[in-house]
Amino acid sequence: MELPEISINKDKKRFELQVDHHTAKLYYEAYEPSVWRLTSTQVPGDLKGQGVGSSLVKQTVQYCRNNHIRVIPECPFIVKYMDRHPEMKDVLFEQG
C-alpha cells in the first residue's frame with residue numbers, strides 16, 4: 001500500500017497520517033526547543049497491520065532529522081521500531 005506523507009499539527013502537538021478517511025497519530029512534547037519526546041502513537045484498528053504505524057514513525061524521524069530535532073522515544077512501538085532500524089539512531093537525544 002502506498003501511504004501518503006505525514007502532516008504536522010502543531011496546535012495538537014502531533015504528526016498525522018490520513019489513510020482511507022482514518023487518521024493515524026504520533027504525539028510529541030518539546031523537552032527542549034530542539035529535543036522532542038515522542039510520547040505515543042495511535043493507529044485506528046482498520047489500519048493496523050498495514051505498515052501505517054511504521055510509516056508514521058519513519059516519516060516523523062525524517063522530519064526531525066531535516067529540522068535538526070533530536071528525539072527521546074517513549075512510546076513502546078517507537079522504541080521497538082527504532083531498535084530494529086539502527087539507521088535512525090542519529091536522531092536520538094543522548095542525555096549526559
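Just so it is clear, glycine is given a Cβ too, placed from its N, Cα and C backbone atoms.
Here TrEMBL flags 7-93 as domain 'N-acetyltransferase'. Mean pLDDT, taken over the domain 'N-acetyltransferase' (7-93), works out to 96 on the 0 to 100 scale.
Note: the domain 'N-acetyltransferase' (7-93) comprises 33 helix, 33 strand, 21 coil (DSSP; helix = H, G, I, strand = E, B).
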